[in-house]
Amino acid sequence: MEQQPEPSAQAPKIEDPAPTEVVENAPVAEQPAQTSTKQVHSLVIDANAIIRNDPTVSTLLSQAEELYTIPAVVSEIRDEATRSRYQTTLAPFIKLRTPKPESMAFVTGFARRTGDLQVLSKPDLQLLALTYELEVERNGGDWRLRKDPTQKTVNGKPPAKQEETKTEEQDAAPETVTEADAPLTETTPEGVAQELEKVDLNQTSVKAEVEQAEAEEDDDEEGWITPSNIKKYQAKEKGGAGKQQTQRFLQAALITADMAMRNVALRINLNLLDTSLTKITFLKTWVLRCHGCWKVCKDTTKQFCPSCGQATLTRVSCSTDASGNFTLHLKKNFQFNNRGNVYSIPKPTHGSSNTKRIVGGGKNGWGNELILAEDQKEYVRKTDEERRTKYKDLMDEDYLPSILTGSRGPGNGRIKVGAGRNINAKKKR
């Protein structure tokens with residue numbers, strides 16, 4: 001028998017595929033444009049958001065394309081745990097940038113005119129200037145911002161819309177129709193009857209019923225709590241007035257918890273976000289208002305009016321809306337407290353050469369060493385004493401609590417100004 005040839009161990013040859021024809025200028029399928037799901041392009045972060053880790057790093061990266069801050073904010077992080085967390089999680093994604101002198105000059109002048117400059121630090125002004133600078137860069141100008149706190153509207157319209165309005169005004173020519181060119185229509189009783197026959201009364205009634213049913217369904221949906229509107233109801237319960245979810249894409253925004261920074265940002269019309277990434281459109285806070293010269297002081301730690309120098313500051317609530325309007329909410333028929341002003345202050349007493357103690361200043365010496373102005377030596381001495389005794393080492397062997405030493409200061413930690421409320425009160429028999 002003839003032996004069959006053994007199969008070769010070599011791999012079978014694969015034929016080359018047919019050469020493909022290369023077509024020049026072939027139409028390429030257009031890929032759909034990738035729409036970004038993030039809310040903000042450039043987000044400026046303050047130190048309080050980094051220290052508190054609210055919002056978290058994952059939330060910031062998912063909602064913002066670029067993160068910015070200033071070098072002074074990094075130097076404010078002194079806790080070792082917070083600094084290590086910042087270096088490992090946020091530092092690789094955040095950009096450090098210092099604003100230009102022109103932006104600093106604008107923000108400083110604006111804050112001076114609003115009265116917030118005295119309570120804003122240099123890092124606060126730099127953060128506001130950086131947000132202003134990014135806003136101008138991303139939007140191609142300051143057309144959506146305000147240059148002055150008293151300005152009612154923004155600076156102008158977007159550049160694209162201005163060009164469109166100019167071209168429309170140039171291209172659109174007024175068309176005049178003369179009476180001779182207008183078509184003549186005759187209304188005869190037969191034509192009116194034919195038009196009435198064309199109208200289907202059943203169809204119009206069905207449309208009215210459908211519209212009424214849809215309106216009822218909408219009312220029912222607003223009344224019930226569903227997974228789609230549960231966040232809106234939760235925001236109402238928490239008192240989320242003045243906050244709205246960022247629905248459109250923001251070019252630049254700022255996250256901060258400082259009320260003075262928020263006030264300046266809203267009045268410039270910068271985009272301001274809360275820690276929950278909701279856009280803030282309304283602010284309510286407290287200021288001091290002098291009832292002697294009617295000036296407003298933003299520094300709530302002051303005890304004397306910076307304008308007239310008297311101890312006539314009262315605490316007043318104020319608000320700032322999205323239009324930049326600053327409003328003071330005064331009580332109706334407010335009456336100032338005149339307790340302690342019935343009797344005049346006793347005359348000061350002099351010393352004696354024979355070291356004899358002379359007690360003066362009224363009953364129990366209540367008129368001695370009264371503080372009535374900020375430039376008094378008694379007030380300066382008190383502030384220096386408080387500054388020295390502010391830091392107390394609890395582990396010191398010589399430390400004693402105030403209840404044992406007898407040094408009992410005022411309950412609110414402020415220096416006593418004037419004679420007090422109860423100095424002229426009626427005594428009980």
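Quick reminder: no glycine exception, Cβ is built from N, Cα and C everywhere.
What TrEMBL records for this protein:
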{"type": "REGION", "residues": "1-36", "note": "region 'Disordered'"}
{"type": "DOMAIN", "residues": "43-134", "note": "domain 'Ribonuclease PIN'"}
{"type": "REGION", "residues": "143-192", "note": "region 'Disordered'"}
{"type": "COMPBIAS", "residues": "160-169", "note": "compositional bias 'Basic and acidic residues'"}
{"type": "REGION", "residues": "203-222", "note": "region 'Disordered'"}
{"type": "COMPBIAS", "residues": "211-222", "note": "compositional bias 'Acidic residues'"}
{"type": "DOMAIN", "residues": "280-351", "note": "domain 'Nin one binding (NOB1) Zn-ribbon-like'"}
{"type": "BINDING", "residues": "C290, C293, C305, C308", "note": "Zn(2+) binding site"}
{"type": "REGION", "residues": "402-429", "note": "region 'Disordered'"}
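Shown in sequence order, G292, W294, K295, P306, S307, G309, Q310, T312, L313 are the same-chain residues outside C290, C293, C305, C308 whose Cβ sits within 8 Å of the Cβ centre of the Zn(2+) site.
Using a 10 Å Cβ-Cβ cutoff, C308 (Zn(2+) binding site) registers 12 neighbours. Its Cβ taken as reference, C290 (Zn(2+) binding site) is surrounded by 21 other Cβ atoms within 10 Å in the chains shown. Within the model, the domain 'Nin one binding (NOB1) Zn-ribbon-like' (280-351) shows a mean pLDDT value of 83, rounded to a whole number. Between the binding-site residues C293, C305, C305 has the most other Cβ atoms inside 10 Å of its own Cβ, all protein chains included. Here the domain 'Nin one binding (NOB1) Zn-ribbon-like' (280-351) has, by DSSP, the following mix of helix, strand and coil residues: 0 helix, 25 strand, 47 coil.
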